Amino acid sequence: MSAPPAAQTSRAPGAAFILKKALISAFVALVLFSLMIGVRTEAGPQGQLIYWTRFGDLAAMVAAVFGGSIIVELLRQWWGPVGTVRIVPPSVQTTLAVARRGIAPVLLVFTFLVPVLFYDERYILDLAILVLTYVMLGWGLNVVVGLAGLLDLGYVAFYAVGAYSYALLATNFGLSFWICLPLAGILAAFWGVLLGFPVLRLRGDYLAIVTLAFGEIIRLVLINWQTLTGGPNGVTGIPRPTLFGIPLTPADDGLAALLGIEFSPTHRIVFLFYIILALALLTNWVTIRLRRLPLGRAWEALREDEVACRALGINTTTTKLTAFATGAMFGGIAGAFFATRQGFISPESFTFHESALVLAIVVLGGMGSQLGVALAALAMIGGFELFRGLDQYRMLVFGMAMVLLMIWRPRGLIGHRAPTVFLKSNQAISSDLVKEGHG
Amino acid sequence: MSGDPILSVDRLSMRFGGIVAVNDLSFDAERRKITALIGPNGAGKTTVFNCITGFYKPTSGAMRLTHDDGHAIQLQRLNDFRIAKLARVARTFQNIRLFPGMTALENLMVAQHNALMRASGLTFLGLIGAPSWRNAEQAAIDLSRTWLDRIGLLDRADDAAGNLPYGDQRRLEIARAMCTQPALLCLDEPAAGLNARESAALSELLLSIRSEEGTSILLIEHDMSVVMEISDHVVVMDYGVKIAEGTPRHIRDDPKVIAAYLGADEEEAIAVMESGT
Amino acid sequence: MDYFAQQLINGLVLGSIYGLIAIGYTMVYGIVGMINFAHGDIFMIGGFIALITFLILVSFGLTAIPLILLVVLLVSMAITALYGWTVERIAYRPLRHSFRLAPMLSAIGMSFVLTNYSQVAQGARVKPVPPIITGGYTLHEGAGGFVVQLSNIQIIVVITTVVLLALFTWLVSSTRLGRDMRACEQDQTMASLLGVDVDRTISMTFVIGAALAAVAGMMYLLYYGLVDFFMGFVAGIKAFTAAVLGGIGSLPGAMLGGLLIGLIETLWSAYFSVEYKDVAAFSILIVVLIFLPTGLLGRPEVEKV
């Protein structure tokens with residue numbers, strides 16, 4: 001009753017409108033699902049195809065779309081039109097800004113304590129290692145996509161190069177993890193330059209498709225070059241990392257025996273956790289540092305306006321190459337870590353899915369924001385784990401989440417850019433002004 | 001022409017398919033002088049700029065840039081970023097091309113890229129925070145601060161360039177070009193969209209750049225009050241060819257120039273004639 | 001020589017299928033400037049719907065092959081077109097004026113949704129069908145006993161492609177819809193000011209692209225006799241490769257690119273190694289883009305300064 005009349009008049013024809021919209025949606029759903037869900041095909045016992053109907057499922061799906069459409073429409077009326085910027089009071093904004101400043105250290109301290117807090121929970125430790133691996137990959141790709149504005153859809157290729165470099169060097173030549181780690185990074189960077197040199201003058205989606213093709217080429221070569229890579233069977237028996245040459249095994253010369261404590265397999269997990277944490281933090285430190293150097297600033301300038309960069313005498317080709325190589329190097333190092341953690345790698349781990357996942361983390365994080373990428377990795381990988389029980393529905397939910405998140409926040413979670421240098425006040429720049437590059 | 005040209009354009013031609021945008025154009029820009037390139041819309045002025053700054057490869061012709069030490073560079077042999085880096089030719093754009101998501105200060109820092117790259121030991125010295133790098137960075141910030149002060153934007157140093165008012169963006173773009181420490185500054189319609197007060201301030205800025213920095217300036221401009229006030233030499237183009245050149249006074253009375261403007265745009269022709277009275 | 005001729009035929013047939021998918025990519029790219037990553041999966045859905053329709057028709061006792069083919073074609077085109085429309089409506093339209101990467105990510109997400117939707121709905125196993133159309137012609141019998149054959153199904157694939165291509169060219173060049181599409185391609189704001197319904201035109205672009213992908217899906221089913229939920233990914237990448245190779249935004253380019261990719265793949269498999277056929281296709285894409293950055297028939301991109 002207290003609602004303003006304008007709202008009432010706009011809501012009054014709503015009921016019929018909502019119903020009509022829901023009916024249309026339900027009808028569209030009926031047609032879409034009619035054959036795909038209403039009929040199920042399968043190869044029969046003699047190899048010929050048989051089919052049976054599932055009209056119950058079909059009806060349920062259509063009803064769900066009908067109901068869902070009504071709910072969405074009601075929510076939309078409740079929240080007001082999509083895309084309206086709701087005004088946030090300044091006091092709330094400053095509180096949020098303070099919270100945002102505080103969140104990174106809190107997160108960091110918490111991450112350091114994870115092995116202490118969850119020492120007995122192997123599952124959480126494994127998950128934390130996985131999340132940190134993706135945080136590192138996200139930070140690595142962020143250099144390419146977020147800072148330099150180059151769209152790389154084949155990032156997984158460098159991850160694969162790193163993983164296979166370590167796996168092959170270690171199993172064939174017995175090189176240790178700590179020697180291979182930088183080598184894997186260098187080799188990945190080398191491949192980055194090799195790919196980047198000819199293709200970086202391509203722009204936008206052409207670059208995207210070439211990098212995607214490159215990622216597929218690497219995967220296909222890994223599958224087919226059986227004598228080197230073991231083909232689809234992958235490489236097994238990849239050695240575990242040692243602590244200054246001391247293995248983390250129950251053996252007599254193992255770390256537990258030397259320290260005089262009882263051996264536990266958790267030691268190795270905790271060790272791995274701190275390795276990937278250190279690697280991820282190294283990535284972060286280098287990136288933050290680079291942003292304040294002329295090279296990093298040139299990356300961002302490149303994202304903003306390539307023509308202006310050239311007018312200022314910046315060699316855009318080498319600048320792009322360095323971004324590509326830096327990102328590739330971090331990907332390669334993360335790959336080497338992946339190989340040592342798994343002890344086994346195969347081409348299956350390096351599909352386009354991985355590239356898409358890492359890219360989604362970067363974009364969802366808010367391009368160029370280090371904290372955003374970390375949060376996005378946590379949300380994506382953690383969220384992905386939540387749906388582990390759903391098994392085959394997992395990718396379905398993941399895909400839907402990707403679509404919805406993009407519609408909800410096209411600019412990612414953290415939509416601000418922090419300046420790299422300032423005279424008086426370090427104020428964040430709204431993402432509306434920040435370009436996302438054409439390359 | 002006698003004197004000491006910093007840039008001499010010799011029989012420059014530029015064709016796009018069948019269209020001849022610039023045809024056999026020759027002119028000189030004197031050292032430490034302001035040379036204006038004027039002409040009706042579509043006369044080919046921006047094309048000349050794009051050839052000089054290497055964004056287009058001219059179909060034929062030569063452009064020679066001579067530094068103060070006598071070192072001469074054939075611009076048509078270099079591509080865009082090398083012209084800016086080696087020949088030290090800086091430019092601005094008709095439609096402003098700042099880095100909108102970066103602050104005013106950052107824009108000026110990017111302009112000092114090549115010097116800072118050397119100082120940061122191609123990034124490696126910078127990464128470990130070597131003192132020599134720190135000093136160079138501070139010097140770059142100081143130079144930026146000086147320029148921000150000169151264009152009256154010191155207070156807005158930490159604001160995103162995209163958030164600045166139009167007139168400020170124009171001046172910031174000029175300051176950014178100046179931070180590359182150019183020998184020749186090419187300005188493409190720097191007064192476009194400015195009001196009378198801003199135009200006057202711009203004229204003052206350009207004159208001070210010429211006198212204090214000793215930078216030679218080549219500018220394209222439609223605002224005749226600016227052209228007449230600050231130019232030492234004016235080159236008039238129409239349909240890709242040079243139709244006149246000389247001092248502003250000389251140009252103003254040239255019947256060919258008036259005819260070109262009358263043929264193209266009455267308002268501009270009136271502006272040319274009125275600026276003389 | 002005979003062997004080569006046979007591979008040439010096979011390559012052209014495969015290329016026709018790629019070309020049909022590539023048209024969808026090229027149209028969408030031309031009009032909204034985005035890679036519709038879900039398009040490969042639309043092709044896969046088209047294949048599935050053709051398969052299911054075919055099964056139902058056969059189980060109803062229909063035996064007239066031409067009639068079956070016609071019904072399957074129409075049903076799969078219609079339903080798949082609706083998929084294309086829905087995908088645009090849900091995942092792309094809200095992001096039309098957003099940042100460049102958002103629709104791309106949304107499209108990748110949509111591709112995952114469609115792949116896994118069909119896995120959940122129809123199971124993960126490959127679905128084989130017995131050869132529906134058999135027979136063919138022997139074109140040439142070589143001395144060594146090698147025969148160059150042109151099967152009926154190959155003829156059908158090529159004829160269908162040519163007919164659709166002609167129809168489609170007519171649609172784009174001579175109808176009001178085609179004019180609206182070309183107008184939106186040039187300048188959406190201006191087009192809408194001049195009374196073109198931009199939303200509807202874009203929707204129709206997706207609908208037509210999806211319908212052509214459905215035809216490709218059906219041809220694939222007829223030609224290879226199987227579909228599976230994952231076939232959209234590789235076919236999609238290759239078709240996009242074809243679109244880029246031909247010059248994205250150009251319809252004849254898409255077809256030309258499709259034929260080239262089909263030929264490269266077939267000839268590479270025939271003379272070098274089957275394992276590396278995709279590597280060959282992708283490598284050639286990279287090489288072409290390096291030397292011809294806008295593809296074979298694409299308009300050169302002039303950089304405005």
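Each Cβ is built from the backbone N, Cα and C atoms, and glycine gets one as well.
Unlike curated entries, TrEMBL annotations are predicted automatically.
Small disclaimer: the values here were computed from a predicted structure and weren't measured.
The feature transmembrane segment is assigned by TrEMBL to C:12-35 (among others).
Away from its own ends, the transmembrane segment (C:42-61) comes close to residues 21, 24, 68, 71-73, 75-77, 79-80, 83-84, 87, 114-115, 118, 122, 127, 129, 132, 209-210, 213-218, 220-221, 227, 229-232, 235-236, 239 of its chain (Cβ-Cβ under 8 Å, at least six residues beyond either end). Here TrEMBL flags C:42-61 (among others) as transmembrane segment.
The feature transmembrane segment is assigned by TrEMBL to C:67-87 (among others).
Positions annotated as transmembrane segment by TrEMBL: C:99-118 (among others). Long-range contacts of the transmembrane segment (C:99-118) within its own chain (CB-CB distance under 8 A, at least 6 residues past either end) are made by residues 32, 34-38, 40-42, 44-45, 48, 83, 87, 90-92, 229-230, 232-233, 236.
Marked as transmembrane segment by TrEMBL: C:153-172 (among others).
Annotated transmembrane segment per TrEMBL: C:202-223 (among others), in sequence order. Within the same chain, residues 13-14, 16-18, 20-21, 23-25, 27-28, 31-32, 36, 39, 42-51, 54, 72-73, 76-85, 87-89, 93, 96, 129, 132-133, 153-154, 156-157, 160-161, 164, 168, 171, 177, 181, 184, 231, 235 sit at least 6 positions outside the transmembrane segment (C:202-223) and bring their C-beta atoms closer than 8 Å to a C-beta of that stretch.
Taken from TrEMBL, the feature transmembrane segment applies to C:280-298 (among others). Same-chain neighbours of the transmembrane segment (C:280-298): 237-238, 241, 244-250, 252-253, 256-257, 261, 264-265, 268, 272, counting only residues six or more beyond its ends whose CB sits under 8 Å from a CB of the stretch.
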Intrachain residues whose Cβ lies under 8 Å of the transmembrane segment (C:67-87), provided they are six or more past its termini: 24, 36, 38, 42, 45-46, 49-50, 53-54, 57-58, 110, 114, 132, 156, 203, 206-211, 213-215, 217-218
